[in-house]
Amino acid sequence: MVNLICCQVDFSDDDEEENVFKAKPIDYMNNVNIVNDPYMQKNKPSNAIHVNTLNSPSLPNQNLPNTNQLVGSEKTMEQFLDRLLHESVYDRRIRPFYTDSKSSKPVDVEMNMHINTISGISEVNMEYTVDCYFRQEWFDPRLTYSNSSWKHVEDITLHYDLVNKVWTPDAFFRNSKDAKSHKITVPNRLIRIFPEGRVLFSQRLTLRLECPMKLQKFPLDNQTCTINIGSFGYTLKDIKFEWKKNVDGSPSVTISNKLEMPDFILTTHNSSVCQRKTSTGAYACLEVKIELQRDLSSYVNEVYIPSSFVVSLSFISFFIDHKSAAARAPLGATSVLTITTMLGGSYACLEVHFYLKRSFGYYLVQVYIPSILTCLIAFVSFWVDHKAVPARISVGLLTVLTVTTQSSGIRSQLPKVSYIKAIDVWMSACLVFVFAALLEYAVVNVIARKQELKRLVRQSERNKRKAQMTPKLPSYSPTNEKVLVIGNRLAHMNSYNKSDIDNHNSHEALESLLQPNRSGSIKKNPQSNHSLHVDSVVSISGVSQQSVPPASTPQAPPLPPRDDAQMVDFVSSFLFPISFIIFNIIYWMVYLNMQVDNN
């Protein structure tokens, strides 16, 4: 508590004619003469006086001079204020410029506002919170002291409790849901009187205001929130509100340069004057419109990118064999479930900075290590046979959903800020790795099916060639029994070909073919034996030329075709872990050495 310096006034008969006070300076707190106090002499204010009259002794009214006697008088500030604010002279119940006649003019109240923060913007409750300095200025001729002995004082700042002794406008916030005045460490109120009778009243307020929002374009929307100030009881006949026009041309409503909102960007603001008519009369009002643009970056990271991944997962099922019902059904059902879940003065100031270092152990155990293990599980799937479709799909899908769930849980604990956090980079990278692992299997599955299709085509062509290489048997005819017998024999001949028949051993071959039937239907006839041989040779030659392939030399068995699907899995089993290790090195080097400016 600051010691109060007042003067003890002594009225004498000799002094009454000159209207001069004899003052003896004393210290009311410690009853010490100010002349003998070097500290008070050194720190005596020069041109502005801050007065606290709450603990000063009251002066007898009969010893106080009339207001007209204050002109040219020398006296203490306590006496001056006691006379200036005395109930017999000043009645705070009556507004300035009020008279009984019809010629009384209204009070012009000028206002300005400085907004410190805008927070708590809620689409659910359609409201937002503002912390601001609210200032009002008006003229009260009853408080003029330009003709007194204190006219050299530029302004007098009163104690905050003296606000209750001065008339103040009845301004209120029309669209407020709740409001509070700050009282720590003392009530944050300022009242200041100027020589010409101008009064400044400033206070710090926290307001919870309604803000009707149009959410048709959410989250691509822009919103306009208002601050509406009006007079509660005084009509336009008694009071008028205006925005203060600053000499330097600065706006009446200012916003802190350090203002940051987690979900919006302040684009512009403007102030206007309005009037409100109700059943009780017409009232003055002022309005501030704050234009807010929603920051889309948080929704891109938390909504659009994850949902795009989930939709892409459902598209991957198109590349999986339709016969793998155990893989395609869980993939589609899980994708559906994921989407449905998913002022005019300088003041002394003391400031203390606390530098806090976040404990990293919790996030290492709860976030980083589990996400690393999830990525490793996705990489292990490269070593699983690509023909095991349900196993590969289950591993890939579960890892993607696990990383997505971890990321959503972390972001729910943090505010929706516009910049990218280190944890956002980490979780996004993990999501990219596990999603790429699942996408890799889709590519492998497509390659494997194409190879299987090529193998079936080659097998079909091979079967066709074998069918063409098999000799066609002649149809049965009673007149050509010899050709039938030879044809049946040729069906089992794999070592005879055209060259064997055309050479000199053709007769021996025919003899061997006809050997089992010689005792039957075919009779030995030396004359017809030659013709038999000739006809048989012709028949065999014809068949051989058309159906019997040439003899081939023994060849080594062909090498099995290369499995491209296995090769992609093999390359991915090394490429993905190496890429993840490189990402870890870059991530920790960047963020462990990054310096963030907190100013």
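The backbone N, Cα and C atoms fix where each Cβ goes, glycine too.
Source: prediction; values computed, not measured.
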The annotated transmembrane segment range in TrEMBL, which must be one of 255-274, 275-294, 395-414:
395-414
Which residues of the same chain, at least 6 past either end of the transmembrane segment (570-590), have a Cβ under 8 Å from a Cβ in it?
375-376, 378-379, 382-383, 422, 425-426, 429, 433, 436-437, 440
Positions on the same chain near the transmembrane segment (426-448), where near means CB under 8 A and six or more residues out:
301, 305-306, 309, 312-313, 316, 319-321, 367-368, 371-372, 374-375, 378-379, 381-382, 386-387, 389, 392-393, 396-397, 399-400, 402-404, 406-407, 410, 563-565, 568-569, 572, 576, 579-580, 583, 587
Same-chain residues at least 6 beyond the ends of the transmembrane segment (395-414) whose Cβ lies under 8 Å from its Cβ atoms:
301-302, 306, 309-310, 313, 330-331, 334, 338, 342, 367, 370-371, 374-375, 377-378, 380-381, 384, 421, 423-424, 427-428, 430-431, 434-435, 437-438, 441
